[in-house]
């Protein structure tokens, strides 16, 4: 059977509002849908199957009678169906945490069929839910999570992440590159879509580094996948360095002959950190860096690797790159550098016409 792209979606707090008083939807009066959930699911419907997965504490007991659950739940399902939204299955754990069952999220017994029969494609399936247990469920399934939040990651934003959006001009071929780099220390694959926004898939084994790479793509206005298996039992040096080399190569290949690009970029955002970036996709690598860090590590990432990452990237991107930042918090200083680099790169790769931005006739 062909593996499918499936969204495993939480119910309370994700599809419908969860009352903060008793955390039970046990009457029609309590049934309220999350903002824009129906338009969002309709947009996602052509690309994904839907499976609802929910913990319902004490369902079927005196504390939560079955009939009290059924009435609003059936009304919710009927409304979804009337709007063209159907779920392949609705999977519910009725137990309380103290019951220590095997089916309560983040445990995976409810989804055993999907695992044993390999019904979902782990590269294109997601868990969507508002709780940390939903994120943990995704980890247990080996897929990615989108932790729903009405402000930070609402249904409109989820659609933006899950459905890549083409940004290329109508008369231009979308710019894409894939680079595979294998050495004795690392095995890396980088895919870059310069004219597409959406969900980035980044797995290097270094959590903080993954987050920083995502900042580059997000603020750069493009999409990328980065997969790296490195010798992390030694340290993260080879992983970070080789990823930078592969990413720079992929960006350079995706840019092609650079015809029509803006080429130059400069950003100076003012936040709690003052980060500054100047870049020229000149075809001549040059790098200058100014930042001081008080700590040796931020999470699992060595602060000294920040400079080395950008130096390696500038070398294979064949770019002139100046970076500096000031601030009090090392986490924020490093993040400001990755963000400002992404924003500057966004300017440089923007297509403005069809002319080559160089008097030499080549970049």
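Backbone N, Cα and C define each Cβ position, glycine as well.
What Swiss-Prot annotates here:
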- 10: active site, nucleophile (ACT_SITE)
- 12: active site, proton donor (ACT_SITE)
- 10, 12, 130: Mg(2+) binding site (BINDING)
- 93, 95, 101, 103: Zn(2+) binding site (BINDING)
- 1-174: region 'Histidinol-phosphatase' (REGION)
- 175-363: region 'Imidazoleglycerol-phosphate dehydratase' (REGION)
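Sequence features, as recorded in Swiss-Prot, placed on the structure.
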residue : record                    : contacts (Cβ under 8 Å, 6+ apart)
10      : active site, nucleophile  : 52, 53, 54, 105, 127, 128, 129, 130, 131, 134, 148
12      : active site, proton donor : 18, 23, 25, 54, 56
93      : Zn(2+) binding site       : 54, 55, 56, 101, 103, 104, 105, 110
95      : Zn(2+) binding site       : 55, 57, 58, 101, 103, 104
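Excluding 93, 95, 101, 103, which define the Zn(2+) site, the same chain contributes 55, 94, 99, 102, 104, 107, 109, 110 within 8 Å (Cβ to the Cβ centroid), listed in sequence order.
In this structure, the binding-site residues 101, 103 were compared by how many other Cβ atoms lie within 10 Å of their Cβ, and the smallest count belongs to 101. For the recorded Mg(2+) site, residues 10, 12, 130 set the reference point as the centre of their Cβ atoms, and the other residues of that chain within 8 Å of it by Cβ are 11, 13, 14, 15, 18, 54, 129, 131, 134, 148.
Residue 130 (Mg(2+) binding site): 20 other CB atoms within 10 A of its CB, across all protein chains.
When pLDDT is averaged over the region 'Imidazoleglycerol-phosphate dehydratase' (175-363), the result is 93.
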